[in-house]
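S.K.: Can you keep this structure in mind? I'll have questions shortly.
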Amino acid sequence: MAQSYDDRKIVKAYRNLAREVVKREDLYRLMDQSALCEQTQFWMKKFRERELTERDRIYIFTLVREAARRVMGLEAVMVQLIGAFVLGDGKIAEMKTGEGKTLVSLFVMYIEVLRGNKVHLVTANEYLAKRDREEIGRVLEYLGLSVGLNISGLDKEQKQAIYKADVIYGTASEFGFDYLRDNMVRKTEDKVQTGLDFVLIDEADSILIDEARTPLLISDIKEENLELYNVADKLVRTMLTDDYEVDEKKKFVWLHDAGIEKAERYWEIDSLYAEENQPLHRITMLLMRAHFLMHKDKDYVVLDEEVLIIDPHTGRALPGRRFNDGLHQAIEAKEGVEVREESRTLATITVQNYFRMYKKISGMTGTAKTEEEEFRHIYNMDVVVIPTHLRVNRVDNEDEVFYTKEQKGAAIVYEVSWRYERGQPILIGTSSIKSNEWVSELLTKAGIPHQVLNAKNHEQEAEIIARAGKKGMVTLATNMAGRGTDIKLDKGVYKLGGLAVIGTERHESRRIDLQLMGRSGRRGDPGFSKFILSLEDELVDHFDNKRWEKYVRRMKRKYNFDDKPVHSRRVHQMILEAQKRLEGSNYDIRKDLLAYDEVIDIQRKKVYEERDRLLGEGKLGAFSERILRDVAEDVFSEREPDLDVRYAKMGELLGGTKFPHSFDQVTLMSQSDAVEALIFWHRKQRAKFPSETIYQIEKEVYLNLLDQMWVMHLDQMVQLREGIHLRAYGQQDPLVMYQKEGAELFTNFQDRYHFYFAHALLELDPEGLVLG
């Protein structure tokens, strides 16, 4: 994306600082490694005494530049130094593919460690984390810092050792899951993460935006009648178009009156929306979503009798990941494979809320400016476009738009054929497995050999991408498969025009299109890009239909729609409008997700703070007694006139205990006397235990109850969220209702686990211990 006026002003200021770094390039040239390590200690001590200045940054960047030159043989150029200054100020640096973002990360990580911060470097996948840890980690270690690699499958001791390092490489999901797991431990010493100080995110748009729609979940198996999914599948297969309506943009499906009546007859019930029929309504709508909103080879793929999610932005399959809240089971029923158990959420957090917990966050990517509003709104981060070191020599042609998909196919084959015959390497981008296989079939029929990369063979990604720049190689890939790895060109390819990129559809986001184009023309290499589209492409469905139909009728009268592309500025304009509309819609979905998760986030922080305080407490005597007193005051309240209600509350609290007073005796006491009698008796019971034993028992009981009831509360919140959008039909804002009812559920959750804890305290008996 081109630089704005503001970007140019910002870059100019940073360029002046970068020049000062280059001027001092001989400053550390004669120092040996031990002397450079001494400089690390010198600056660490300095920053314990005072804040960092611009002059300090210049000297420190000069030091890092020298270390990188020695260890990697790379000397940071001006634009890389500018990018480093941008990252140091907590911004996102948009740097074109091939501009050396990995080297840029080194400067800001080193300086943050000097300032006493633990540094997390987040990459798009574990392969890149390992690669970058090896490449950049060597420089950091040369300067006396420690570097760790946080990958999945490590045990607690290995994780704890890694988190002791100054800089830790890993993926967003692994860091996020460590945070969630840390808040499920029973002892403080079992935690692994040592603080959320500074995070630097590579491919920031992919992680902070594309992955933001999928929350991180830790779950276990939920008991459920799985056969109901297959039963509901039979119902949904009988639904006709008059029975329901689908909104693809909002990803929503609902039943018309005819569909409701059909479902009620099928389930043999009076009302699908009655409270007692909620499970049947839920499973019916899950199958409706599976059949009419979730598309095979686009949203998911079936491999070896297993449904695998497809990442919509990379085209990769995501083994081990499942759609939550029953949707995955619904798709399994739809596809006729084994329906597996639904998971129950034990802990969850969105990517947005996890990263917003860091004290400081920076990011780098090749494409971010189009999403600057979202970065500002959600993460409070500006995007600065960094100029390229060498001029971009890629030729970006105007889109070719054909009337039919068949005409588009012929144009793709023609474009690929003549370039293949000259030996020019070609990368063809598709948006789904279905279109990927369609183009592959066209090329096969035309006798053009090619390699295919999609979710069905993603394990071969590295080697397929490594061959993509070879002379005469044609590579067909979904979306941005291979992102983060270089396509290196054979020497003879330069005079052929470099890598030719052909897009076969415009993506929902302009950013993904720019990423595809950016695979060509790296570091001043020659290159070519062009999109070949049709008016039957999926994106066209998002046009303003009435305007579009009227326009097409006029076009039909004017042109004969032969095999030539449609030359119309209006068409290109409408495609851009459709993309912008979809970008806005997807942004709204992410904002919506965040708004709902912020309700849970407030609750989650309170629960996790409670756990941390409890884990840190040596003795819980006063804490336990305070909860018992609060519960007893409610149970023995004189404000409750109904004696039956009072007896029921006392029965729930005192049932199974050896409290010496009968319920009749308690009702004759004043509230304060009843409470004091209970507290007095509890103290006597408690004193029968050895002090260390009772402390441990109380802590275990409290943690068990808190964790068990938090899981139940999360399940209630999921059910509330699933049904809340029905409130929109009652002229009520679903989010406001969710906030209100979610707060009520949380208050009830707190009251109940305090009540059960009080009951468990009263059940404690050294002669026959019962833990409630």
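Yeah, the Cβs are placed from backbone N, Cα and C, and that goes for glycine too.
What TrEMBL shows for this protein is this:
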| type | residues | note |
| --- | --- | --- |
| BINDING | Gln80, Gly98, Glu99, Gly100, Lys101, Thr102, Asp486 | ATP binding site |
| DOMAIN | 1-564 | domain 'SecA family profile' |
| DOMAIN | 82-239 | domain 'Helicase ATP-binding' |
| DOMAIN | 396-572 | domain 'Helicase C-terminal' |
S.K.: Would you give the longest CA-CA distance, in whole angstrom, between residues of Gln80, Gly98, Glu99, Gly100, Lys101, Thr102, Asp486, the set recorded as binding ATP?
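M.R.: Result: 18 Å between the two most distant Cα atoms.
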S.K.: Have a look at the binding-site residues (Glu99, Asp486) and report the one with the fewest Cβ neighbours inside 10 Å.
M.R.: Asp486
S.K.: Out of Gln80, Thr102, which of the binding-site residues has the smallest number of neighbouring Cβ atoms within 10 Å?
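M.R.: Checked Gln80, Thr102; of these binding-site residues, fewest Cβ neighbours within 10 Å: Thr102.
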S.K.: Can you tell me the three-state DSSP label for Gly98 (ATP binding site)?
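M.R.: In three-state terms, Gly98 (ATP binding site) counts as coil.
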S.K.: Using Cβ-Cβ distances, find the residues under 8 Å from Gly100 (ATP binding site) that belong to the same chain and are at least 6 apart in sequence, listing them in sequence order.
M.R.: Leu74, Ala76, Val77, Gln80, His389
S.K.: Including all protein chains shown, what's the count of other C-beta atoms within 10 A of the C-beta of Lys101 (ATP binding site)?
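M.R.: Taking every protein chain into account, the count is 23.
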S.K.: Per DSSP, Gln80 (ATP binding site) is which: helix, strand or coil?
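M.R.: Going by the DSSP assignment, Gln80 (ATP binding site) falls within a helical segment, counted as helix.
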S.K.: Just to be sure I understand the packing, how many Cβ atoms besides its own are within 10 Å of the Cβ of Gly98 (ATP binding site)?
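M.R.: So the number of other Cβ atoms within 10 Å of Gly98 (ATP binding site) is 20.
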